[in-house]
Amino acid sequence: MAISRVSICVLALFLFISSPRFISAEEAAEEVAKAPESVLTLDHSNFHDTIKKHDFIVVEFYAPWCGHCKSLAPEYEKAASLLSSHDPKIVLAKVDANEESNKALATEFEVQGFPTLKIVRNGGKDIQEYKGPREAEGIVEYLKKQVGPASAEIKSAEDASTLISDKKVFVVGVFPKFSGEEFENFMSLAEKLRSDYDFGHTLDAKLLPRGGAVSGPTVRLLKPFDELFVDSQNFEVAALEKFLDESTVPIVTLFNKDPNNHPYVIKFFNSPNAKAMLFLNFSVELADGIKSKFQEVAKDQKGKGVSFLMGDLEASEGAFQYFGLKQEQVPLIIVQNSDGSKYLKANLEADQIAPWIKEYMEGNAKPFKKSEPIPEVNNEPVKVVVADSLQDVVFTSGKNVLLEFYAPWCGHCQKLAPILEEVALEFQSDPDVIIAKLDATANDFPTDQFDVKGYPTVYFKSSAGIVVQYDGGRTKEDFVDYIKKHKDTTVVPVESAEPVADSEEHGDELKDEL
């Protein structure tokens, strides 16, 4: 199941802002400059030839303007240096996917944001997403496991103790002999999902730290939450995948500053379910009662299309920023549906959790909308629109509105700003035209009407109510000509001017803050 764009945004902000290790772009550049490069630089001219020469190579697709790529660079370079003498060989490479001539490579490898890392095996025959850490030591440890056997044999209790952690999911196949269809299916699954889980296989279930003896081939999933272990004896590959997928999601996902919990946070956001998130200060006296009641409600709602998460206030700055929440509202529950609609219960008490979740499940909860305050003074040429004024300014004003969706950090938006100001001045004497902008990182907007995949995205709404995405050129003359031609139109414009300049993607860019 592909992760949704709204989930990418929240997920990235969860994990990135809570991360204890982040350096500035300037610091990253300084660190990279200190040492010779161990990372191979590839482009369209040498990419496929290089890939064919290696059994195992990791490729980073990056963009020069991406701050998180710059932060990853010294860690990636250090990891490449540490792995340079490893046997078997582990090669780290990079591709500037923002370079026009390399964009076909980015498309081929389904790159949707920066940085994206891919593990390429067997001369390019097998490609997997890199799902490991983003700091040097973690990269090294993760890749050493990836280049070894997909499943490790457990011959003794010492082997089990070394391989199996009480903080991570571990998948063990227990067999009477290492042959047969069940064993082959298990090893095939291990190879396919080695980026997601750690695998082992054994002839003796008694060597494992949890669970008793088994009768016949068995897959035992050991996990650090809920029932701690669960078994399955269905060895069809699709059934095994489903078993792992369903059994590795906690009833309540815990989010705090412990990086061991981050894989479960990723699975939480990768779920198609609605997402109910409780935020509170874990250290306050009343926290245990609220957490216990939330856990009870989550158990009652299991299998009903809602996933549950508890977040510690200390670690949740990113989520609060994304949702537009305030610390004085905790304890709070916010539910987000797959369409981006949200529902909020602030300053709740333990005995209010079950009734409010019931109210939400029955469709009686009131939607919550993130909005900046409506400006008291809005007399600049380009008008400021927020979520709470979108209806009045754009939809019911009876005006022709050119609306830019932007992000404060977006370089393309910053370049467009003075151009839009010139356009606004051009129409200053026309009462039927409004040039406006909305900070899409701080305000909700109807995604069924505005398909904003990158910044800046510009829409035009005619006075007759026709709403279309502007796909013309980005000079003052382009915008002015377009508005003059299409103002008051009652039909959807079909032609456009020059191709739009590059925009900076938001969901995918934020994804890479992981």
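For all residues, glycine too, the Cβ spot is worked out from N, Cα and C.
Feature annotation (TrEMBL): of 35-54, 495-514, the stretch labelled region 'Disordered' is 495-514.
With helix defined as DSSP H, G or I and strand as E or B, the domain 'Thioredoxin' (29-148) counts 52 helix, 26 strand, 42 coil. Sorting the domain 'Thioredoxin' (360-488) by DSSP state (H, G, I as helix; E, B as strand; all else coil) yields 38 helix, 29 strand, 62 coil.
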